[in-house]
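Asks: My questions all concern the structure below.
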Amino acid sequence: MTSMACIVCVVALAFVLTATPTTLCYVTDGAARQSTSQRHGAARTYIVLVERPAHAHAHDADDDAAHRRWHESFLPGGGGGGGDRSSRIRHSYRGVVSGFAATLTGSELAAVSRRPGFVHAFAERRVPLMTTRSPGFLGLMPDRGVWKAASYGEGVVVGLLDTGIDATHPSFGDEGMLPPPAKWTGACQPPARCNNKLVGAASFVHDNNTSDDVGHGTHTAGTAAGHFVDGVSAFGLAAGTAAGMAPGAHLAMYKVCSGQGCFESDVLAGMDAAVKDGVDVLSLSLGGPSVPFDKDPIAIGAFGAVSKGIPVVCAGGNSGPTPFTLSNEAPWLFTVAAGSVDRSFRATVRLGNGEAFDGESLSQDKRFSSKAYPLYYSQGTNYCDFFDVNITGAVVVCDTETPVPPTSSIDAVKEAGGAGVVFVNEADFGYTIVVEKDNSLPMSQVAAADGGKIMGYAAMGSSSAAHTATIVFNSTMVGVKPAPVVAAFSSRGPSAAGPGVPKPDIMAPGLNILAAWPSMIPVDKEGESINFNVISGTSMATPHVTGIVALMKKMHPDWSPAAIKSAIMTTSVTVDNDGHAIMDEEHRKASFYTVGAGHVDPAKAVDPGLIYDLGAHEYAAYICALLGEAALRTITGDSGATCAAAGSVAEAQLNYPAILVPVRAAPFTVNRTVTNVGPATSRYTAHVDAPESMTVKVEPAELEFQEAMEKKTFAVTVSVSAGAGAAGHVVAEGTLRWVSRDHVVRSPIVADSSVASNSRSAQEF
Ligand SMILES: *[C@@H]1O[C@H](CO)[C@@H](O)[C@H](O)[C@H]1NC(C)=O
Ligand SMILES: *[C@@H]1O[C@H](CO)[C@@H](O)[C@H](O)[C@H]1NC(C)=O
Ligand SMILES: *[C@@H]1O[C@H](CO)[C@@H](O)[C@H](O)[C@H]1NC(C)=O
Ligand SMILES: *[C@@H]1O[C@H](CO)[C@@H](O)[C@H](O)[C@H]1NC(C)=O
Ligand SMILES: *[C@@H]1O[C@H](CO)[C@@H](O)[C@H](O)[C@H]1NC(C)=O
């Protein structure tokens, strides 16, 4: 197999749950697509992986038909030719995997699985979908630095699997762009029309229509590689010039999701087509709950893409802040967490006693603050679903149980005559404020801690109208500190499916992100038409990383996906704009399971000095150690593969740019190998930062390179002192930095008592 070049797998899982119908709210219910055909009885859609047909020529266009015939031959015969069989094949795959999706009953499936060449079948699930400011916040400036050095990503094709695209949006104009590279074979299906920016649009969902009825795909595509658009704002806020991370790159949209979510067989079909068309990087702002990698079509398809050198960037999920909530955790994927940017849509709640609390709102009514209003809060009606007293003219304080205030509460306050509303974050969300457009009433959303103080003041005044408040709207503020802060909804490690590799990998902006929006999709009840919108999720963080990967592909076309991921992780930033360690939603120091290696820093990523490389061989050996030979065959699609040939690499020993070891009595040693991609002659010294309970020894402590691409191996021995090993879940975190004159190559070190201390490699085969 060729080396795996794909590091970037951003699967943006979920949109933040919101109450309005215009926002994606994909509920993970594992729903299966049921056949509507009576004839098939209790049939459902299966993804069936099979061997490649004999004499297949991977790059022969006619070969599509040969594959299809081979796939049809697995279906129960109708005797009368392929017509019936052919109509039952929903997708035929031959790019990232070999196989097909079809609707089958249980007994049909049993028959299919007995045929020679059958590898594996699984019932598909439905998985959820999970700026003007962010380029500047990430240090990307026109005519300078990385953008200039990477020619804005010119010539690179970014593929997104999403909800379709509004091809007429100004972000997808192609002024000044060259045609796509000669290797590109993609095309645009209606109603999208290709230009030199948008070079591919295909639909794999039922309507066979590439338009975006949701807005999600247009937004993520704009974030990854939208063209410069001047004079952009949403609702008059966040004004500026909008651009994606790689504004010079080409875009290809593979529509695999609708407003109801994304069926796995469609996702796999999109990935398959993208790889055949010739994309350079794949972006997935979608994903399901954790399942073993050999039962996860996204992980399996991405293995095929990464094996061909295509990084796959994936959203980590929106199920935080609970631990073990990650999606898309396979080590060959690039798993992205979401953080804030230094921008606030300021709506300050000012109390009659002079105290002020900074909240946020997308609806800014500047006249509102010209007077003070009675402040109302009642424990009996704290969710504001109904009112039993006269609240006419009052500012009402409401609790919420959802990240975004429910429209029903806003309506209830309005109907009862309320003048304004202050929404208090649910406790779990801490300081993360997810805003959404709602014009019904002047409002502010405040952090839970601030809400407690506002309620206290309101309750004291309950017997009279003595206690008042107003909301001061102050538009868009930038340079807000601290930033970035991890968003509460961003899913957390450890990885359930691969507990020995620390995840997520990296954090990027995903809270209240402004990007392209289809003007025909209204964002509030008034149906206001806008073409830029502010939404949140790891879905939004993902295309930021995808665009940066595109820039790196331009500068380092021969780097593997693992090399690109390593570069982005080891150069990431660990401090916020206040100079403190990046914090989580509660303003505590964020753990590696929360933020990953750090916050992405494109300027540094393009010049990492050293990389931790990995290829398909290493991943195969890792799969053998973790899951065994049957899984190896399923994931690689090679039914002749054996673990005797592939070897075995225990999770902790995988050459990952982050280190995770078990907590146990004896010291634990892992080996790592770095490749010199900096100056040919360079010398690095190991620096360790670790808490008192953790001892880290690096051997050798100096690495001297004489040549470009030279490799050096070192051992890291970690011990965690007794006491730390007591009952309960113990996690200790340190950092290894290789420092040379001009580079710092940083890896997180996590010691976790929940990781099995015996590597599973021994007993697996
Ligand atoms: C979908 O559209 C493409 C391109 O317009 C066309 O070739 C194909 O036959 C259509 N498929 C279906 C199922 O309508
Ligand atoms: C595709 O869908 C859009 C929006 O739903 C609709 O306006 C358009 O007519 C459709 N186009 C085709 C070719 O079906
Ligand atoms: C509610 O209060 C407002 C202002 O205090 C008053 O004008 C209005 O008549 C009251 N409504 C009812 C139904 O009592
Ligand atoms: C409003 O913004 C201005 C300018 O950014 C700032 O000086 C002022 O303090 C802000 N006021 C409030 C209430 O936040
Ligand atoms: C680590 O490297 C050393 C020296 O090359 C070797 O002896 C040892 O077996 C390696 N350990 C593992 C776990 O691969």
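The backbone N, Cα and C atoms fix where each Cβ goes, and this holds for glycine too.
A TrEMBL annotation is a machine prediction, not a hand-curated record.
OK, TrEMBL features for this one:
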SIGNAL    1-25  signal peptide
DOMAIN    45-129  domain 'Inhibitor I9'
DOMAIN    153-577  domain 'Peptidase S8/S53'
ACT_SITE  Asp162  active site, charge relay system
ACT_SITE  His216  active site, charge relay system
ACT_SITE  Ser539  active site, charge relay system
DOMAIN    653-750  domain 'Subtilisin-like protease fibronectin type-III'
Asks: If you count other Cβ atoms within 10 Å of each one's Cβ, which of the active-site residues Asp162, His216, Ser539 has the most?
Replies: Ser539
Asks: For the domain 'Inhibitor I9' (45-129), report the average pLDDT of the model, please.
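Replies: Across the domain 'Inhibitor I9' (45-129), the average pLDDT comes out at 82.
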Asks: I need the CA-to-CA distance for Ser539 (active site, charge relay system) versus Asp162 (active site, charge relay system), whole Å please.
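Replies: Between the Cα atoms of Ser539 (active site, charge relay system) and Asp162 (active site, charge relay system), the distance comes to 10 Å.
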Asks: I need the CA-to-CA distance for Asp162 (active site, charge relay system) versus His216 (active site, charge relay system), whole Å please.
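Replies: Between the alpha carbons of Asp162 (active site, charge relay system) and His216 (active site, charge relay system) there are 7 Å.
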Asks: Taking DSSP as the reference, which of helix, strand or coil describes His216 (active site, charge relay system)?
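Replies: In three-state terms, His216 (active site, charge relay system) counts as helix.
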Asks: Specify the secondary structure state of Asp162 (active site, charge relay system) as given by DSSP, simplified to three classes.
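Replies: It is in a strand.
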